[in-house]
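For reference, Swiss-Prot has these:
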- HIS87, CYS89, CYS103, CYS106: Zn(2+) binding site (BINDING)
Amino acid sequence: MSKTDLYEQLLTIEQQAKLTFDGITEMKAVLSKVLEENAELEIENKHLREHLQELQQTTEETDTKDLSQGLSKSKQNLQNLYEEGFHICPYFYGSRRENDEPCAFCNDVIYGERTAD
């Protein structure tokens, strides 16, 4: 191998090394930007979740107040029994609700609209 061939190979390797280095530098910049954006999105996501939780709590409190105010005294008593963990529906009346699971029949008794037949 001649000295000029060896020199040309060395120049080629140097150019490839520069291209590789430039590629790595570009990837590093892109990765840094992506990580920064990810951190910003995580913070924004956290704030949005907190805000959503506040809105849900406010809505639940408002709904509970509205429902309680719109119920007759007897329905409010049934609602209190239901909230204490007892069935108030005709199918399971008086039995305890397991794990305080909701009962569609009980909810229908409390909140369902009755029509006079």
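Placed from the backbone N, Cα and C atoms, the Cβ positions cover glycine too.
The 10 Å shell around the Cβ of CYS106 (Zn(2+) binding site) contains 23 further Cβ atoms across the protein chains shown. Apart from the site residues HIS87, CYS89, CYS103, CYS106, the chain places the Cβ of TYR82, ILE88, TYR91, PHE92, TYR93, ARG97, ALA104, PHE105, ASN107, VAL109 no farther than 8 Å from the centroid of the site's Cβ atoms, the recorded Zn(2+) location.
A 10 Å cutoff on Cβ-Cβ distances gives CYS89 (Zn(2+) binding site) a total of 17 other Cβ atoms nearby, all chains included.
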